[in-house]
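Following: one structure in structure tokens, then a few remarks.
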Amino acid sequence: MPRNTALEKYRNIGICAHVDAGKTTTTERILFYTGLSHKIGEVHDGAATMDWMEQEQERGITITSAATTTFWSGMDQQFEKHRINIIDTPGHVDFTIEVERSLRVLDGAVVVFCGSSGVEPQSETVWRQANKYGVPRIVFVNKMDRSGADFERVCAQIKTRLKANVVPVQLNIGAEEDFKGVIDLIRMKAIMWNEEDMGLTYELVDIPADLQDRAEELRMEMIEAAAEASEELMEKYLEGGELSEDEIHQGLRARVLNNEIVLAFCGSAFKNKGVQAVLDGVVRYLPAPNQVPAIKCETEDGEPASRPSSDDAPFAALAFKLATDLFVGNLTFIRVYSGVLKSGDAVYNPVKGKKERVGRIVQMHANKRDEIKEVRAGDIAACIGLKDVTTGDTLCDQEDVVILEKMDFPEPVISVAVEPKSKADQEKMSIALGKLAAEDPSFRVKTDEESGQTIISGMGELHLDIIVDRMRREFKVEANVGNPQVAYRETIRSKVEQEAKFVRQSGGRGQYGHVFVRFEPLDEVDENGEAKVFKFVDEVVGGVVPKEYIGSVAKGIEEQLNNGVLAGYPMIGVKATLYDGSYHDVDSSEMAFKIAGSMALKEGAKKANACILEPIMKVEVVTPEDYLGDVMGDLNRRRGIIEGMDENPSGRVINALVPLAEMFGYATNVRSISQGRASFSMEFKKYAEVPNNIADEIIKSRNS
């Protein structure tokens with residue numbers, strides 16, 4: 001069966017932003033203009049097509065990334081039909097994992113900013129993630145009809161706060177309630193959308209006289225940016241100072257694909273102005289699957305390899321999201337990088353070492369689905385019938401095995417105990433939690449060995465609230481939820497040398513392991529800039545500890561890191577160097593050296609000036625000027641350190657570092673201080689030492 005749409009005409013894009021920048025509304029408008037959704041769903045009516053979980057419609061925020069397929073031929077039908085796969089991602093910081101997963105499988109992104117609030121903390125997180133995966137992007141400055149909206153100010157913020165090279169391709173005509181339309185800087189005409197048909201049609205008119213000069217200045221900057229794409233364009237520009245429309249498009253596209261510039265559009269999705277031009281921008285400037293570098297992967301032997309985006313290459317896809325559907329069971333969302341997959345085909349999962357058969361393949365439109373017979377390179381679809389696949393697994397051809405890069409998931413920072421309300425709920429709860437944990441790798445479940453309680457951990461209070469809410473609604477499990485617990489850690493502060501000997505000899509074969517290990521604080525970061533947990537160095541000379549036992553010593557130390565010496569919290573930031581020891585020809589074994597390693601850490605850490613660490617959150621509070629003093633006083637009482645202040649149209653912005661332990665219930669508190677007018681967001685920043693008096697309390701309560 002040949003392709004319906006050529007690969008060059010595909011666009012896999014994500015729509016990402018901060019909470020409330022108007023991302024879901026923008027997606028709804030895209031579905032309306034591309035003809036998929038005949039009635040526009042508004043978020044504030046709780047009817048948006050892409051927000052399909054009950055909790056999302058109630059809370060007015062997007063939690064899971066819904067994937068949808070749609071088609072676009074341009075505002076003037078100037079393109080051949082392009083197929084656009086859109087993933088709508090959540091903007092709340094507790095759901096960063098969803099954004100990370102989506103960006104991993106996309107080729108391009110539209111980042112939405114609010115015209116009045118501009119760059120917010122979550123925008124920085126999303127931007128960082130898009131940089132990590134090298135995703136080319138364009139910017140849509142939305143809500144230009146809001147009070148305080150200022151397109152050029154937001155572009156300047158993106159330059160300074162996100163260090164991005166922003167090139168506006170439009171200029172707004174009016175702002176706030178006078179927002180009328182946009183100037184297209186390439187055609188040098190004003191676009192006025194027709195309000196009667198919700199913006200389906202528009203007219204091109206002359207640029208208002210008062211904006212002519214500014215439009216010409218911005219146009220010159222844009223043409224310069226396009227000319228820098230190649231020597232030919234630069235020469236032509238230097239000779240005549242002008243480029244044709246096609247040359248401008250070509251130059252801008254080349255630089256967006258290289259992640260050198262970010263084009264800025266503006267409008268108001270809610271007022272049906274501007275989204276149509278963004279769709280043209282997606283087709284014109286964002287890459288097709290075969291215009292991004294071939295996906296990097298590894299062979300089974302760990303050798304680096306890559307897969308071109310082509311139907312003729314062997315099949316390879318990444319499972320980037322799992323969802324449970326009440327009617328069909330497990331849905332596995334996949335992004336196909338190469339090859340073809342037909343329903344009923346067997347696929348191999350090299351991460352699990354298992355072969356599975358794909359039952360059916362469906363194309364998702366938010367939560368409606370159309371069954372399809374096959375998927376090809378570049379497609380995003382959901383498979384039904386896969387049992388043992390988890391997020392981040394590779395599915396591939398068994399004859400040509402590759403492993404696509406694994407995704408790194410953040411460690412949870414907050415835990416609560418959950419108890420089923422009745423015996424009948426007990427079993428249902430463990431099934432429900434298991435399914436929810438399979439869907440969301442940033443959510444963990446474990447049983448506390450001492451108390452026997454079930455502990456769930458996640459990225460924030462809202463994250464866990466929604467998990468408990470989903471248990472109740474989707475799995476009909478009633479549970480009591482305990483107070484939140486902080487994920488404390490332990491570390492060492494000084495260098496110490498420790499001998500440990502594990503000997504059992506009482507006739508017959510005994511056990512013998514003897515090591516000398518140096519422990520010291522580890523101040524190193526990984527490629528994501530996060531602090532490393534553990535590093536093991538082998539400095540054994542002359543074979544005093546045989547090679548085959550060295551890995552066992554490392555393993556013993558690493559396992560012992562899970563039980564800190566002060567209050568039993570996991571230890572981080574430890575460097576261990578094995579430098580001496582001895583062995584016995586008959587009695588030494590891997591087990592004996594593993595136990596010796598764990599004994600060395602247990603004893604050594606006690607002498608190495610151990611301390612307790614707590615998660616510190618980066619908190620940003622936006623508050624009207626009148627409440628500034630009260631909000632800052634409250635942050636100081638919470639052991640917060642104020643790092644700086646900014647201004648934005650909603651008031652003052654306070655940036656602070658505050659221990660997570662002091663942030664429980666902050667949402668309610670800050671609302672009451674500011675009479676509901678302040679808002680805040682927080683994300684994990686780092687671990688830091690707990691003050692002595694608080695550390696004593698933590699140790700006492702853990703050991704009692």
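Yeah, the Cβs are placed from backbone N, Cα and C, and that goes for glycine too.
The domain 'tr-type G' annotation in Swiss-Prot covers 8-290.
The secondary structure of T89 (GTP binding site), as reduced to three states from DSSP, is coil rather than helix or strand. The GTP binding site feature in Swiss-Prot is assigned to 17-24, 88-92, 142-145; the stated evidence is sequence analysis.
A simple way to gauge crowding: the CB of T89 (GTP binding site) has 28 other CB atoms within 10 angstroms, across all the protein chains here. On its own chain, M144 (GTP binding site) has G115, F151, N172, A175, F179, C266, G267, S268, K273, G274 as residues at least 6 apart in sequence with a Cβ closer than 8 Å to its own Cβ. Other C-beta atoms found within 10 angstroms of the C-beta of A17 (GTP binding site) number 28, with every protein chain shown included.
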